[in-house]
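Marked as transit peptide by Swiss-Prot on the basis of sequence analysis: 1-32. Residues annotated as motif 'Q motif' in Swiss-Prot: 38-66. The domain 'Helicase ATP-binding' annotation in Swiss-Prot covers 70-248, and the record cites sequence analysis as its basis. If you look up Swiss-Prot, you'll see Pro83, Gly84, Asn85, Asn86, Asp87, Gly88, Ala89, His90 marked as ATP binding site, on the strength of sequence analysis. Taken from Swiss-Prot, the feature motif 'DEAD box' applies to 195-198. Swiss-Prot lists 262-429 with the feature domain 'Helicase C-terminal', giving sequence analysis as the kind of evidence. What Swiss-Prot records for 567-633 is region 'Disordered'.
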Amino acid sequence: MKTGRTRPLRVFDILVPPWPPTVPHRIKLPRGKTNWFEFYSAITRNWNKLKGLKNCWQIWKDVQEIIRRIRKYQGESTVMQGPGNNDGAHPYATMAGKLDSKLLQALKVMEFEYMTPVQHRVLTELPSWRSDCLVQAKTGTGKTLAFLLPTLHCLLQGHSAPPRGQVAILIITPTRELAQQIAKSCDQLTSQLARPLECHIAVGGTARASALARFMKGAPSILVATPGRLKDYLSEPSTAEKLSNIQTLILDEADTMLESGFLADVKRILQLIPPKSTGWQGMCFSATVPPKVKDVVSVVLKPGYTSISTIEKNETPTHERVPQYHVLIPSVADTFTTLASLLNLEIKNSSKIIVFGVTANMVALFAAAFSQGLTPLKVFEIHSRLSQSARTKTTALFKEAATGIMFASDVIGRGMDFPNVDLVIQVGLPSNGEQYVHRVGRTARAGNDGRAIILLTEAESFFMKVNRHLPIQPHPQTDAINAGASSCADAVTKAMYSIGEETKQRAYSSYIGFFAGSGLLKQVRLDKPGLVQLANELAIQGMGCPEPPPMDKKVVGKMGLKGVPGFNYATGNDLNGDRPARPRGRPGNKTRDVLSPGAGQGDRRGSVSKNRGGRRGGGRGGRGGRGGKPRAA
């Protein structure tokens, strides 16, 4: 079978998901188009402007005609739907008489005609669908259906089904978003049953009391949970009783889950559920099998388990084949202007971008700023400070979007699959090299191309030395990016002016907390007063704050920074409300000397270097002038 370009047409990701990763030559193009790339470029270049084009109707008809031809081609050829497709077709229809008819009916409704490689191998290579197995497969290759189909089939066929109201299938996954995805797929697969099976979710970030009440009152057959909340459930005897007859335990994204700090929780869960000797089935899905996974596998899977891998032994990992670059920011105050300049440059070639920040509140500030017209692309925002419903909605919208920028924390850094992300930007230090790699893994998925860029200050550049094994090169247009930052300063100043004080204060506080609690101070060659000074520079020169945002003394104490000079301690209602504050000066340009460790403590001439307010109250400190009594420590 001949195939064309390997890059999918993004517009079709919305119109006919899942789009095959190869574009066949035998499908004729609309009139006037000589090749697939030309057609692809015309559509993606003008997609957001279709309403204003005179030929809008003709382009739409072209798209609809291509859809018709693609569907016809899929029906005639041996192309397999889904990622990793080049081995020939394995239609779900071949499972008739083996897989429950209602599940096959649901697959038809879901328009899943062909199995992906991992689905086909699990359904055909397991000695029994009740067998223990370790399956190596990447995210986005159809793993969810690979474990749901055999386990749901066994449950529907009544193989050792527990009493009604007790959980038969327990699925543990590392993030709330993945849990939502799995539960949605489960509901779709059971939608054709006369009485659909109840699938419940137990995740953090949601109202625990109401979720637990629904779980206890309902008749859950399937529970999808994150480790922390599941351990919480199992700690209560009445809740644990509902999990006393599990038939199948599934660990999804096991390497991600165990390498990201959940090892202790998972081990505790394995102690709280019925022992392996009771006969429950174990299924472990993981892209890699590091030592931590092997430790858990020995408990979850019995000796002689089936091992399946859909990953080529010599396949280059994503983080090694994605072009990666770094841009060194002149100073932390230039963070926002440099990011604006970089995005202005990159959106010429990238239309779906994820930008990671170091904390949830910094991400919120990025999103607020760039929503003020700093980019022509639609801005999305997702982080742990948002409600679960807001995060779920954003996840769905960004998946469907053809273009856009999503500012994100690590709630989507691991495991989440967003189609056609062609650029990942990381602003600031990742916690470690592993976190960096997982973020890079959000691009170049399912055979697509992608790039990754990290923005760091000079002090943070040690990250490249510590992680020499990562192929991070200097960005070829670093000089142009830094030069363009100054031209973005006015726009950034205007954007920052429209953002409330509380949003900036939270970002400022979280920035300090990140470094104070991460053990990175020594590596960036900072002491505690230096950290506060750096954060003040970011706030005043970068965020446009008139003075360091107010901090609560209790919060400062919890950060281990009690007595450190440079803080502007809150009084009265300083931490209440979210009022806009006019910035002083321009981001990236020094405006005042309030950045020293003695910030806010003017001398006799009104400067800021001493411990007493000046007579005339110059700067921010004079007792008799506008500064009043000094508030800094």
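From the backbone N, Cα and C atoms, a Cβ is placed for every residue, glycine too.
According to DSSP, His90 (ATP binding site) sits in a coil region rather than a helix or strand. Beyond its flanks by at least six residues, the motif 'DEAD box' (195-198) meets 152, 155, 186-187, 218-222 of its own chain at Cβ-Cβ distances under 8 Å. Model confidence over the motif 'DEAD box' (195-198) is summarised by a mean pLDDT of 90. Mapped onto DSSP helix, strand and coil, the motif 'DEAD box' (195-198) counts 0 helix, 1 strand, 3 coil.
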